[in-house]
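Novice: Supplied in structure tokens, the structure appears directly below.
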Amino acid sequence: MPIVAPSLLSANYLNLEADCKMLNESEADWYHLDVMDGRFVPNITFGPMVIDFLRKASNKVFDVHLMIEEPEKYTEAFKKAGADNLTVHIEACTHLHRNIQQIKSLGMKAGVAVNPHTPVSLLKDIIADIDLVCLMSVNPGFGGQSFIPQTLVKIRELRNMIDEKGLNVDIEIDGGVTLENAKSIVDAGATVLVAGNTVFRAPNPTEMISLLKKI
Ligand SMILES: O=C(CO)[C@H](O)[C@H](O)COP(=O)(O)O
Ligand SMILES: [Fe+2]
């Protein structure tokens, strides 16, 4: 059964409380929270302040996906705001190992995200130090884009790398996940499904979350 992590990127920002209530009462495992800075990606969303408010509305795991430059400057702020998992982009980190140590020393789970063009082989020397790999299956920055099929090849390669080393690292797929492609994603070896549009644009989001859980 995959971990299902609805992305609040597609939530209704005029009534976030209602969406939190829906998620809390659903089978959703994690909140996936997309932080964008307008530099690393061509879009701007929210930061620790909004996450701090959301924290008061839910006890679920907060999976924070940082699409920002210099993430090390904000690690503590996201910890204070209530992040459980903190994921940084490999493309944004000159000192990735140091950033991972910083995240873990603050008691959070550490994730590394990779863009569609970045080979998973670059994770070879960091994989034993992290809890999660977020494979971007769209170019980061926006919700509602189409899944890039080459991601399936990357999932299999990463699954082999993790299994060969006998590690327990989650493989999270982020972008364009639908009810139609979710089974092939899980069959390839993914353990976490992020879903923004698929959940929040569904006629019945709670039911959609249950259907994704059953994959
Ligand atoms: O990181 C992201 C975009 O950069 C989002 O998590 C992702 O796009 C989810 O949205 P959707 O399921 O609608 O594609
Ligand atoms: Fe994301």
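Easy rule for this one: first residue shown is 1, then count along the chain.
Using N, Cα and C of the backbone, Cβ positions are placed for all residues, glycine too.
Just so you know, TrEMBL annotations are computer predictions that nobody has curated.
A quick note: this is a predicted structure, and the numbers were derived from the prediction, not measured.
Sharing the record's features from TrEMBL:
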BINDING   Ser7, His65, Gly141, Phe142, Gly143, Gly144, Asp174, Gly175, Gly176  substrate binding site
BINDING   His32, Asp34, His65, Asp174  divalent metal cation binding site
ACT_SITE  Asp34  active site, proton acceptor
ACT_SITE  Asp174  active site, proton donor
Novice: Look at each of the binding-site residues, Gly141, Gly176, and point out the one with the fewest other Cβ atoms around it within 10 Å.
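Specialist: Looking at the binding-site residues Gly141, Gly176, the Cβ with the fewest others within 10 Å is that of Gly141.
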Novice: Could you give the maximum C-alpha to C-alpha distance in Å for the residues Ser7, His65, Gly141, Phe142, Gly143, Gly144, Asp174, Gly175, Gly176 that bind substrate per the record?
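Specialist: That value is 16 Å for the farthest Cα pair.
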Novice: From the Cα of His32 (divalent metal cation binding site) across to the Cα of Asp174 (substrate binding site), what is the distance in angstrom?
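Specialist: Cα to Cα, Asp174 (substrate binding site) and His32 (divalent metal cation binding site) are separated by 9 Å.
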Novice: Round to a whole number and give the Cα-to-Cα distance in Å for the pair Gly141 (substrate binding site) and Asp34 (divalent metal cation binding site).
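Specialist: On Cα coordinates alone, these residues lie 9 Å apart.
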Novice: Select the closest residue to Gly143 (substrate binding site) from the following binding-site residues, measuring between CA atoms: His32, Asp34, His65.
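Specialist: Result: the closest of the binding-site residues to Gly143 (substrate binding site) is Asp34.
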Novice: For the binding-site residues His65, Gly143, Gly176, which sit with their CB under 6 angstroms from an atom of ligand 2?
Specialist: His65
Novice: Distance check, please: Cα of Ser7 (substrate binding site) against Cα of Asp34 (divalent metal cation binding site), rounded to an integer number of angstrom.
Specialist: 7
Novice: Below 8 Å Cβ to Cβ and six or more residues apart, same chain only. Which residues does that give for His32 (divalent metal cation binding site)?
Specialist: Ala5, Pro6, Ser7, Leu8, Leu9, Asp63, His65, Asp174, Val194, Gly196
Novice: I need the least crowded one of these binding-site residues (Ser7, His65, Gly143), counting other C-beta atoms within 10 angstroms of each C-beta.
Specialist: Gly143
Novice: Measure from the CA atom of Gly176 (substrate binding site) to the CA atom of Asp34 (divalent metal cation binding site) and give the result in Å, rounded to a whole number.
Specialist: 14
Novice: If you take the centroid of the Cβ atoms of His32, Asp34, His65, Asp174, the listed divalent metal cation site, which other residues of that chain have their Cβ within 8 Å of it?
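Specialist: Result: Ala5, Ser7, Leu9, Leu33, Asp63, Val64, Thr87, Cys134, Val194, Gly196.
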Novice: Near the substrate site, what residues other than Ser7, His65, Gly141, Phe142, Gly143, Gly144, Asp174, Gly175, Gly176 in the same chain have a C-beta no further than 8 Å from the centroid of the listed C-beta atoms?
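Specialist: These residues sit around the substrate site: Leu9, Asp34, Val138, Pro140, Gln145, Val194, Gly196, Asn197.
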Novice: Where does Gly143 (substrate binding site) sit in DSSP terms: helix, strand, or coil?
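Specialist: In three-state terms, Gly143 (substrate binding site) counts as coil.
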